Amino acid sequence: MQKPADCPCAHSAHADAFKTGSARAAELKLQPKMAACGRVPLILLLTSQCLCVFLTQGLKPAANVNVHPPVIAINRQLKIGASNPKRTTGWKLADEEACREDLTRLCPKHTWNNNLAVLECLQDRKEETEIATDCNHLLWNYKLNLTTDPKFESVAAEVCKSTISEDLHSQGEVIACLEKSLVREVEQQDQPHPIKEDCKKAIMRVAELSADDFHLDRYLYFSCRADRERFCENTQVGEGRVYKCLFNHKFEEAMSEKCRDALTTRQKLIAQDYKVSYSLAKACKADLRKYRCNLDNNLPRAREARLSYLLLCLESAVHRGRMVSGDCQGEMLEYRRMLMEDFSLSPEIVLHCRSEIEAHCSGLHRKGRTLHCLMRVGRGDKGLVDSLCQNALQALIQSADPGADYRIDRALNEACESVIQTACKHIRNGDPMILSCLMEHLYTEKMVEDCEHRLLELQYFISRDWKLDPVLYRKCQNDASRLCHTHGWNETSEMMPPGAVFSCLYRHAYRTEEQGRRLTRDCKVEVQRILHQRALDVKLDPELQKRCMTDLGKWCSEKTDTGQELECLQDHLEDLVSDCKDVVGNLTELESEDIQIEALLMRACEGVIQSHCHDVADNQIDTGDLMECLVQNKHQKEMNDKCAVGVTHFQLIQMKDFRFSYKFKMACKEDVLKLCPNIKKKVDVVVCLSTTVRNDTLQDVKEQRVSLKCRKQLRVEELEMSEDIRLEPELHDSCKKDINRLCSAITFGNAQVIECLKENKQYLSHMCHQKVFKLQETEMMDPELDYQLMRVCKQMIKRFCTESDAKNMLHCLKQNKNNELMDPKCKQMITKRQITQSTDYRLNPVLRKACKADIPKFCQNILNKASDDNELEGQVISCLKLKYTDQRLSSDCEDQIRVILQESALDYRLDPQLQLHCSEEITNLCAEEAAAQEQTGQVEECLKTNLLKLKRDACKKEVLNMLKESKADIFVDPVLHTACALDLKHHCAAVTPGRGRQMSCLMEALQDKRVRLQPECKKRLQDRIDMWSYAAKVAPAEGFSDLAVQVMTSPSKNYILLMIALAVCVLFLVGLLCGRIIKRVTRELKDR
């Protein structure tokens, strides 16, 4: 007879899409046996009417049939039933003498008419009380007959006739066919002949009745006889022990495919109804009742009967610290491991993830590998995944709860065994903190690649439900209820939005005492731990991944290395969509308060933290101190490239929003709202506040508008920004092309690029030149912002300038520049700053203040040509020098010009006008002197010596000005001053320096034959006289003051003064004589 096409059992050999070829072959061999819709024994046709009502009336045979009769008696009863097809009365278990006493004592009377109800009642109660031996024997035989007697086939044919078109025969294959059809219906939901509800109940009832003894599941018994002998020979029969033994060996290579298939079907039934597992139902019965996890006993396939519901309910009790028996927890552990090992036991995954399995995970069925493959697909590593499949995976992870014990996940356990043995050996085996330990060693040398993949795949789903981290859940459940209102939803209800509770927790984790409603200390520690772990991979943050999926694809598709995705999102913060921008902004703001969230950065910076920041790193509350410490020590020898790059990157991100600098935000938020509203970028806020502080300082206001705590933090931010040109976005953008052209070989950081731009200032573009000039003006007003100066001269500042104000630091260093203890590198840096100051009086705040009245009075014509952001190339200072020689400056200004003259006399580079007009002459005539490492006035002396050889008038004029200046003060002529130092001490000690007085003293001594000067001094003085004589010829006096200076400094001063006095006397006498004559003439005219 040919099989009908619509018989489910006809499809049993090929319906399961995930079976291996050997499994299919085994089932094809079984087809001759399973005459699923084939040969029908005559005896079944004769008894069909009798057994039609067997299920609905408790599987009732005729009244005079014994419950465990011999075959003859059964056949006899079948004949009786056949002779009276309309008979409705049936045989009842309650009527049997062997069980009457136990039935009366243990079972409600209303159940006596239903044989299956009586059977279930007695089977359940025999765990609590002793049942008569004969009754036990009766019940066992009844269950055996129920699954082996041909009468059940008639019941199945009648009750499930929409599923089975014709009768079946053979040992237990009817039940097997029905069970597989039931499982397929749940997995596929597109069966042409769905099984009726009462048929489903019957199938599950029979499976439950065979739960304690595997002999009662005839199909599994015959399929696994050889495997039982091979793997479970010493396992005692009863209480489901053989089932458990076979389950544990299911994926062994020696396990036959037929047995493996039968075991899988059994496991799938357990997943539908936990009562199909005798050991689980028995071990957890009291706990289920205690925690109200089994609300409706009349609905065995309702939600409460699902294995997943049982696991969720009892796991929730364990996580909350409630007592669940050890036996029950042991059983739960076995079945959680079972769910993780074989994805096909979860019908939702089979149903909703079919396409993902076929596309990405075929051939990976065993030991949880397919599930991990699906989890990897769910992470998005292999493209998009269907939402239903994603939800099914999340539900499975919730049920199995591998976060509580990593050993549940066999694939993870095997992959990470070596890492656990080395990195986590100090943690007890099976402790939930093992997973946390593995996360801490992610991307370290101890981690292996396979473990890394398995760990991230699992953590992706754990991160989407805070309850899956048992330590976090235990420490934070009260906080979640108090702050996040989670007390109103059931642990086993529909999932909360991914990450919703944890997002709430971490928002409260960093609140200040003033803001109130903070987390408890234990909970905060756990929240920080999770945040540290999530920072390792952007996909571990559900909210971030959800809102930034588009931006990740748009901006960061090529950034696939560890930690690069979040950095990429931060770099493109202004370009992100608003939802993503908010999430990334909030996360960055959180990192600014607790940089330890950046686990990768912390690992990279471990050395410098231990050496320089261990005090702040050990604090329970960070509040931005650790990042500030790292910035301050960014150039220590312990700092490696990875750490420096990470710290600088975070500094650059902080520039995008002042909220990203936690300490700055907390110190200045009120000032920002009051003084700089609507400004968001940190650099703009810093400029706004610093401008306010500077204006208030210049105006000497009684009360600063910026608060003291904000001014202190503002100073820290300004100092940090001076270290790297990239932290000054406006300057960096204006000079980007110049940097590429002039400073491409210079690395960022340590203000090296800024220093390069300063040294090449004459070659900069106009816009960059303006910005650099403004920067220099700011640094000269506040030398502490000059990062290179403060870095190079750090030790010298400690030695010479500990008591100096920050704004006078450069002035102090200049005063000690020629001290023998001065560091050469610092001295060189001071000289650079002096050269910069010499180019424009605005870059010398001390001079500017001292000469604020003299500059507009004497140099207004130069100021009229000046621009606000370009140097005057020393023109104003040269103007003041000339007025100094004329002795027309105010005393304060004169003092400052004297200092400048003395400094420039030692180093020609401090005289921009001389350098500008005499560049060729210096190169041609004084190259050797100019190349000297230490400048002590050699170039100036060379130019003076070669005065007659100078061809360009502009250069000659500058050299003559030097000569003129040296007349006014001998300190301006270092060569002469050195040569005549002893003579000055001996002969001019009482003469006050300045205004040419000491020079006049030496000239008088030179003329006095009684005074013997040092030969070198005498020679230098004679040279100066010759130079001055030549200068007088080449450049005559331009005014009376100039003439007076020349007379006073002339070697013939006394003669000239005598002649002038005689001339005055002669004029006086002439005038007197003329006056008398005129007076007499006038009187005579009047007398007439």
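Each Cβ is built from the backbone N, Cα and C atoms, and glycine gets one as well.
What TrEMBL says about a protein is an automatic prediction, not a curated fact.
Residues of the repeat 'Cys-rich GLG1' (194-254) grouped by DSSP class, helix first, strand second and coil last, total 37 helix, 0 strand, 24 coil. The feature repeat 'Cys-rich GLG1' is assigned by TrEMBL to 194-254 (among others).
Taken from TrEMBL, the feature repeat 'Cys-rich GLG1' applies to 323-382 (among others).
Predicted-model confidence for the repeat 'Cys-rich GLG1' (446-513) is 81, expressed as mean pLDDT. For 446-513 (among others), the entry in TrEMBL reads repeat 'Cys-rich GLG1'.
The feature repeat 'Cys-rich GLG1' is assigned by TrEMBL to 518-577 (among others).
Annotated repeat 'Cys-rich GLG1' per TrEMBL: 638-697 (among others), in sequence order.
According to TrEMBL, the repeat 'Cys-rich GLG1' annotation covers 705-765 (among others).
What TrEMBL lists as repeat 'Cys-rich GLG1' is 821-888 (among others).
Here the repeat 'Cys-rich GLG1' (950-1010) is broken down by DSSP into helix, strand and coil counts: 43 helix, 0 strand, 18 coil. The repeat 'Cys-rich GLG1' annotation in TrEMBL covers 950-1010 (among others).
The transmembrane segment annotation in TrEMBL covers 1055-1078.
Assigned with DSSP, the residues of the repeat 'Cys-rich GLG1' (705-765) fall into helix, strand and coil as follows: 41 helix, 0 strand, 20 coil. Helix, strand and coil counts from DSSP across the repeat 'Cys-rich GLG1' (518-577) read 42 helix, 0 strand, 18 coil. Relative to the repeat 'Cys-rich GLG1' (705-765), the listed stretch 638-697 leads the set 194-254, 518-577, 638-697, 821-888, 950-1010 in CB pairs under 8 A.
Listed stretches 194-254, 638-697, 950-1010 were compared with the repeat 'Cys-rich GLG1' (323-382); the greatest number of C-beta pairs under 8 angstroms is found for 194-254.
Across the repeat 'Cys-rich GLG1' (323-382), DSSP assigns 45 helix, 1 strand, 14 coil.
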